[in-house]
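Participant: One structure follows; several queries about it will come next.
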Amino acid sequence: MSQGFLLAAEQPSQRQEQQELHDIVRQEHHGYTRQQGGGPTLSVYGHKRKITLIPLVFLIYFEVAGGPYGAEKAVLAAGPLFTLLGFLVFPFAWGVPESLITAELAAAFPGNGGFVLWADHAFGPLAGFLLGMWKYLSIVINIAAYTALIADYLGGSGVAPAVAQPGGARTGAVIGMTLLLSFVNYAGVSIVGWGAVALGMVSLAPFVLMTAMAVPKVRPSRWASQVKGDKDWRLFFNTLFWNLNYWDCASTMAGEVERPEQTFPRALALAVVLIAGSYLLPLMAATGAIDAPPDAWVNGYLADAAGIIGGPWLKYWTGAGAVISSIGMFEAQMSSGAFQLLGMADLGLLPAVFSRRAARTGTPWVAIAVSTIVTIVVSFLCFDDVVATANFLYSLGTLLEFASFLWLRAKHPAMKRPYRVPLPLPALVAMCAVPSAFLAYVCVVAGWKVFALAGGLTMLGVGWHGVMRVCKANKVLRFNNTVSADPQQDPGDDYHLVPGVRNYRLA
């Protein structure tokens, strides 16, 4: 664990023993301490934490959304009115609960690995490993989709027609873009974070202009336009889910965030508003200002709508924004996946080689290299069932994440939480019920192929975890050491977390 935690009971003798152990560990491994004054917090290697509030907001923005690109199919499936209602309600019914959970647990466990740490502390190493595997696979499948989308745009727009169709040119373009964009991650999280700010501003600008130019042309009656035939609710909900998930992914970089106990809650609150507005306002403007029927709303139609409202220059800018947005999402999710592997290595769930950092930038270069290779391999798979499987695995992981949150609240209610969701346990169960029901729906409608593939991957994960345990026990590979402090051995309501250092965690 990047910044592991030792449980300290309130009894003086136990607290003194734990503090003495903590001091020894901190001196030996150069861990971080929370700064009480105005100075920067330090990460596990003594370097300054580099992600501040604004970059974190835009990293979350690109983890989750990246703009309204891809929302067109919701209009195609259910019409403008239900689409507007969906993008008004869903960010709050789905995004707010997951954001609150992420804010509380990222502040309580401010180490790299995020949700892996939460499940590991709640249910043990196997749960942490499976949650990490499920989420990591869904992340790299998403990353692989972004370079394919960039190639589609470059080919369809006439910039590079050869990459539009399968063949050597497209293969070379996808591999080249993956390598180039992955290399940016080696430059460091500060560059990735501020790069996300710049990319976000540029990709959002055409929608701000389109919305402003559409206001005089909006006719609310157009929002009531109906689809021909039956509404495709499966496509509608899958589109909402695809566009508005991954709120928790930035938690895997919590060890790099300046003052995470303050920054995460603020960043998530701002990100919810930014993301909801970035979908709702452009869709209200586009569907209300033009007379296009719902069946015209295929992928990419937002650029056509921008052209109708503002002219060809706005159409081309909006289309180019899709490429910019895909780059931003690639960079944000590549960082998230790499720091997740680093966090799993710090917990001892993966070999220690995954926790190696570049000397100058502190980036997890081995984890980035492995993620790049996996992304390239996934790029050449058939995406229909693979993407559906990614959604299924993400849903399983998020359900386990919710269970970890509720278990930690019930089992350790007095655990130190710098930010705490201001609700009692029954209300928290109710808060998690709505998104959990939707996740269960995604799993149920997945189909037998997805069930089989997800089941096979899960069994492979269980087997891989067993192999890692055997390798660790027989010292076949080098793993980070851990010191266990079993919370069940201490009085239940007297726990608080003491920031420690990498290689030390709860059992």
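Just so you know, glycine gets a Cβ as well, placed from its N, Cα and C.
From TrEMBL, here are the annotated features:
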type	residues	note
TRANSMEM	51-69	transmembrane segment
TRANSMEM	75-94	transmembrane segment
TRANSMEM	115-137	transmembrane segment
TRANSMEM	194-215	transmembrane segment
TRANSMEM	267-290	transmembrane segment
TRANSMEM	366-386	transmembrane segment
TRANSMEM	392-410	transmembrane segment
TRANSMEM	422-442	transmembrane segment
TRANSMEM	448-468	transmembrane segment
Participant: Excluding the flanking five residues on each side, which residues at least 6 beyond the ends of the transmembrane segment (448-468) place their CB within less than 8 Å of a CB in that stretch?
Facilitator: 125-126, 129-130, 133-134, 137, 349-351, 385-386, 388-389, 392-393, 396, 479
Participant: Among 75-94, 115-137, 267-290, 392-410, point out the range having the most Cβ pairs under 8 angstroms from the transmembrane segment (422-442).
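Facilitator: Comparing 75-94, 115-137, 267-290, 392-410: 392-410 has the most Cβ pairs near the transmembrane segment (422-442).
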Participant: Between the transmembrane segment (51-69) and the transmembrane segment (194-215), do 3 or more CB pairs sit under 8 angstroms, pairs being 6 or more residues apart?
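Facilitator: Contact criterion met.
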Participant: Report, as numbers and ranges, which residues of the same chain sit near the transmembrane segment (75-94): CB under 8 Å and 6 or more residues beyond its ends.
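Facilitator: Counting only partners 6 or more residues beyond its ends, the transmembrane segment (75-94) has Cβ contacts under 8 Å with 222-227, 231-233, 235-236, 239-240, 244-245, 272, 275-276, 279-280, 283-284, 287-288, 294-295, 297-298, 434-435, 438.
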